[in-house]
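Q: Here it is, the structure in full.
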């Protein structure tokens, strides 16, 4: 939906968007209290019960246009309250008496979809809204039964399973009025682009589209042209994407084979509350986990080759704090809200510099302090400088007293 819906053709892309994703906001209205957003009483109760006191910057700007039904592009870094922004907007617009799916949220990973579902259910706790996670790796027959019997108000899912359910007509698009793409930079990367298009073809042409992302590479902008109408743009400039409260350091390990000893030394010198170690390949996650276990370090590991049940158990243990150190690939870097993480170690620098912000955003959500340590070989030095330039940030050599900072 848009302010001038009828006068707009889908081929005319959003204005104010340059190829490199240097984008201007076109919405300046700020509402700095949840009480002033005209939200329902039961939704407000859920918001305050969840622990929110004051809307974050993105919530102050984006909730209102979302509720008014505009198409919205919202750019904010990890940990700023993006999920609650669209969850609140959806819950305010749901007709509770209509037992039909009215909002569809897509996320790039199963874990993120489940995280979003939890937030929606918690915020909507006093409303009686239903929300179902429609994700791969789960029983299809049980899914079909759930969709047919209940027709949940809100579906949160991954593109493959959602399209399958739409295609087989177990999920009806008839009453879907809001379509949300979370972590759109990842969603619209080549792997998911076609599925997004396919899903969009199934939805009504007047469905409201809300797109959220930490970064706005040109391929995302290209796709927004195809399915967004005169969107409200609420954005932070790239150089503002440095994550406040996160101290960033590097260790010059010189050679790849010296990383393992360096990591073990860190274990002995740091009293870690909880830490995530990022690695670029699934195979290397398994390799490092084995090496750490062989040296009697307790670590858990998670990557995309594991089945869903195993991944769920590992995430549950890590969230509860019973496991303290998690080795993973970028799978976890997309929006998983692990509150206690105070330390992120990039054992490998990310191959895609735009993933850097997703990884280190794990370390200090909503202003919580965090430390990031990047292990850098001679070959990595240029990549590190590239990341510094891209985010307009400074990454210093790790001081000897790093334990005091965590």
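Including glycine, each Cβ sits where the backbone N, Cα and C put it.
What Swiss-Prot records for 76, 77, 78, 79, 80, 81, 82, 83 is ATP binding site. The SUMO2 cross-link annotation in Swiss-Prot covers 146, 225, 238, 309, 369, 381. According to Swiss-Prot, the feature domain 'Helicase C-terminal' maps to 245-406. For 2, the entry in Swiss-Prot reads N-acetylserine. Feature annotation from Swiss-Prot assigns phosphoserine to 4; the stated evidence is similarity to another entry. The N6-acetyllysine annotation in Swiss-Prot covers 118, 174, 193, 238. Look at Swiss-Prot and you will find 158 tagged as phosphothreonine. Here Swiss-Prot flags 1-21 as region 'Disordered'.
Looking at the shown structure, what environment does each listed feature sit in?
A: DSSP classifies residue 81 (ATP binding site) as coil under the three-state reduction.
Residue 146 (SUMO2 cross-link) falls within a helix when secondary structure is assigned with DSSP. Within 10 Å of the C-beta of residue 146 (SUMO2 cross-link) there are 17 other C-beta atoms, taking all protein chains into account.
Residue density at residue 225 (SUMO2 cross-link): 14 other Cβ atoms are found within 10 A of its Cβ, drawing on all protein chains shown.
Under the DSSP three-state reduction, residue 309 (SUMO2 cross-link) is assigned to helix.
The Cβ of residue 381 (SUMO2 cross-link) has no same-chain neighbour under 8 Å that is 6 or more residues away in sequence. Reduced to three states, the DSSP call for residue 381 (SUMO2 cross-link) is helix.
All protein chains shown were included, and the count of other CB atoms within 10 Å of the CB of residue 118 (N6-acetyllysine) stands at 16. Annotation note: residue 118 (N6-acetyllysine) sits in a helical segment as assigned by DSSP.
Sequence-distant neighbours of residue 158 (phosphothreonine): residues of the same chain at least 6 apart with a C-beta under 8 Å from its C-beta are 106, 107, 108, 109, 110, 113, 134, 135, 136.
Long-range Cβ proximity for residue 174 (N6-acetyllysine), meaning a same-chain Cβ under 8 A and a gap of 6 or more residues, is found for 100, 204.
Within the same chain, residues at least six positions away from residue 193 (N6-acetyllysine) with a Cβ under 8 Å of its Cβ are 219, 223. When secondary structure is read from DSSP and collapsed to three states, residue 193 (N6-acetyllysine) falls in the helix class.
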Q: Find the shortest Cα-Cα separation between residue 146 (SUMO2 cross-link) and the recorded positions 81, 82, 83, 225, and name the residue that gives it.
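A: Spatially nearest to residue 146 (SUMO2 cross-link) by Cα position is 83.
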Q: Taking the Cα atoms as reference points, how far is residue 225 (SUMO2 cross-link) from residue 83 (ATP binding site) in Å?
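A: So the alpha carbons of residue 225 (SUMO2 cross-link) and residue 83 (ATP binding site) sit roughly 23 Å from each other.
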Q: Please report how many Å separate the Cα atom of residue 83 (ATP binding site) from that of residue 118 (N6-acetyllysine), as a whole number.
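A: Approximately 10 Å lies between the Cα of residue 83 (ATP binding site) and that of residue 118 (N6-acetyllysine).
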